[in-house]
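Marked as Fe cation binding site by Swiss-Prot: CYS98, HIS140, HIS144. Per Swiss-Prot, active site is recorded for GLU141.
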Amino acid sequence: MILPIYVYGQPVLRKVAEDITPEYPNLKELIANMFETMVHADGVGLAAPQIGLPIRVVTITLDPLSEDYPEFKDFNKAYINPHIIEVGGEEVSMEEGCLSLPGIHESVKRGNKIRVKYMDENFVEHDEVVEGYLARVMQHEFDHLDGKMFIDHLSPLRKQMIRGKLNTMLKGKARSSYKMKQVK
């Protein structure tokens, strides 16, 4: 089922999400719906707060990039209760966008190597070091779980330059090709 994506201005996007337990109701269905919603909206990542749930669940698919990056073939993964333990490596600037910020794309600096702990869909714990593009996507999505958005990493000048677009979202007038839940 395709779910509406919550747009900038929705309070859930600024809340710190809670860890969940294996007893969380209908988790497999939720994860399937998150993948379907993300792919339908042409995203590579989706955090549960973006569909209105303040819980620590993220889905990432890099498969759409596999034509240029064969190592991403069939990469579809859910992360439960993820936490970044360490950010390192070279700081790299790259343009980012966000399904909760339709029409906004800005350059963001992030470390290109992270250590992350998370659980998979079977609640098996993992501790991994991740580099490159996946490290960036993880940082972006995991920020959502801490009530942050990529625009929080922008300079005051860049934030001022996108203020008009943000105000449009705050008025509930954002436009996109996918189903959204806007501020009323």
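The backbone N, Cα and C atoms fix where each Cβ goes, glycine too.
You'll find the Cα of CYS98 (Fe cation binding site) roughly 9 Å from the Cα of the residue listed as 'active site'. Annotation for HIS144 (Fe cation binding site): same-chain Cβ neighbours under 8 Å, separated by at least 6 residues, are LEU13, ALA17, ALA47, PRO49, GLN50, VAL58, SER100. Highlighted in sequence order, GLY45, ALA47, GLN50, GLU96, LEU99, SER100, GLU141, ASP143, MET149, PHE150 have their Cβ within 8 Å of the centre of the Cβ atoms of CYS98, HIS140, HIS144, the residues recorded for Fe cation, and are not part of that set.
Within 10 Å of the C-beta of GLU141 (active site) we count 23 further C-beta atoms, all protein chains included.
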